[in-house]
């Protein structure tokens, strides 16, 4: 197994370098450059030229490429040309925020999705199954940014005006913590404040994918419980709970693991639309802003992170297959 | 001579009803009871940096001028320069120019306790003049030659004579020499000073910056009394919230006290709330349609006049701005002293427009609804960048033009890609909708002078020798009463020749919670009297 993982990681190196080279060429091909943000009527063209020189943008593209590669392999991501600070500082700032939000969303997606899927499969064709099917399709077809806006409208704007609605069930529409007074809270107060701010964004980000996972889980589970070994398990008198959760679940999870591998990169890439709506300073917004500003060093650094996450996510999924299903072997 | 018109009647009405303060016995409240609390403001864009050497966006410049730093000179409400960090100034004429002497206040300290001196001003001047710094607005001091420090609080500038020579000092905020003096000019822009550790000398100190999220400032209790002293509020937070619905939610929710630049469609919701109010003020921005005169169809001034007359501009103001805009008539907005009061905007007159197009030889001969002349169709591609307001404007323009037999094809183009196209000297476009910001010290040569025809901003490819003559003269005339007739003539010519269709001068509504008192905003900005803001005592937090 270790040898397999090592081999996969070795393969990933040329792949990642190839991706980075491609991204480098593509962002350079896009019209404009970081200095273009300063092209304004009261800014003289000579000033723009000087900026390009100060930032090394006047060099031919292959020189810029090798310079970037050189500092990249020594672990230096360079300076953001739009934010005027080291790229590593930006990443150190944004990655925790993103991990909190997308980690919570991922938890919602899989915990909720798997649980609902199991319930629906076990009670196939019952009223509950129908209601859940309808509900999950309804939610799945909502765009996340729209859902986000609706959540804000309902839970932070409208419910304030409803007298009997408990205050703790209204939620702040933006930010990671309260703007005022957060510093003076104790540890538990801070935690509660953060969780309170996390509720709406993680729901907006998570529920529609949770609905999708529930659909997958339901069909995969239905397939498994028709198998002979499940009938055998029931026949030997095992309680239904053990049959479902011990024998059936493991096999039914296999397709879900594939999904999990696909969702992992999203832990770091964040979600642009939801981050924008909730003013959540995460990676998604960083990347999109960097692309619009042609902030080359930031675009390159984030592309590198995603490439790594995609590779690692797929690797984790493959390893998990082997863990769950002993029939799968890589050696 | 210093006649300054802040706004037309419509604007005055707007500001008057919006800016009205809460009636109470606030006026007799002792200062000590006004102290304390945090004001949270929210805007859709980040203030890029507190490093004056690398800032070009209005948000950053405004926070620098009014919050973290001090300028030598400020505008008063009539836009007359008045002393601020400079105690006073005097000028002396010499044979070949002007000698300008600033005497600085000696009681303004950097927030680390060192005094702000003439050496800081000299350092800032030197860096601005050094091309290696790439200071964006270096043209501000283009006619300044040199600076000499006389003593710690006196600095002398030698410059060429020009009108508005004092205006740059309302924008430039001196930077601390003892912090940045040793940084090579080419590396100033990347210095952590701008984003991580700015050190100011203004009414507020820097506390924290979370990039893309918020700037936090706190009151500077040592700020000198004659300049307004310690601000009333303890803290000022500038938050970045990109989505307008979220900003509205935060304002109504009470998390945000001042929502800067409200979407016009949200004004009703804010005014409907018993404890929120709207303060509207005219900005320096205007919105226009640019016509590229290198295109055969757009060469004739009659055609461009017809296009303007065909577009229902009042409808645009009413629909996309909910009335928050003033019908524009030219490149000199109402705030500017040279604004032509008597000039009327071209009327919205479809029949007149059709007649003009007919007389220019553009007639629909093949009956397809689109006029033509020889083999050229009266058809243009109208572009803008992704922006809901401007996209709406394009749709309205398209339908108006169709009614006078002109076809407009719409294209929304990514901002940088559009910028590349319009600034290219080939001008590979027909027409576009954009906004422009008029400076307090207006110089329109960059947009309309023949000499700039291949320059990055002469988008109309407009050339009229008389306009060149006027624009050259007014930038040299120091006597405003002498320049005024020329400014008026310029506005009349531009109206007759319509290189742009001027749509509207922006009026910006802002949402304010009632608990924040004594908030004044005008053409100079949002934070102009941030020192005087105070919080009603029952609602401090």
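Heads up, the Cβ atoms here are built off N, Cα and C, so glycines get one too.
Since this is a predicted model, take the numbers as computed values, not measurements.
The transmembrane segment annotation in TrEMBL covers A:12-30, A:99-119, A:131-155, A:198-217, A:252-278, A:298-324. TrEMBL lists A:95-317 with the feature domain 'ABC transmembrane type-1'.
Between the transmembrane segment (A:131-155) and the transmembrane segment (A:12-30), the number of CB pairs under 8 angstroms, six or more residues apart, is fewer than three, so the stretches are not in contact. Under 8 Å from some Cβ of the transmembrane segment (A:298-324) lie the Cβ atoms of residues 1, 5, 8-9, 12, 15-16, 19-20, 23-24, 27, 68, 72, 77-78, 80, 82-83, 87, 90-91, 250, 253-254, 257-258, 260-265, 267-269, 283, 286-287, 290-291, 330, all in the same chain and six or more residues away from its ends.
The largest share of C-beta pairs under 8 angstroms with the transmembrane segment (A:252-278) comes from A:99-119, of the ranges A:12-30, A:99-119, A:198-217. Same-chain residues lying 6+ beyond the ends of the transmembrane segment (A:12-30) with a Cβ under 8 Å from its Cβ atoms: 61, 64-65, 68, 72, 291, 294, 296, 299-300, 303-304, 307-308, 311, 315.
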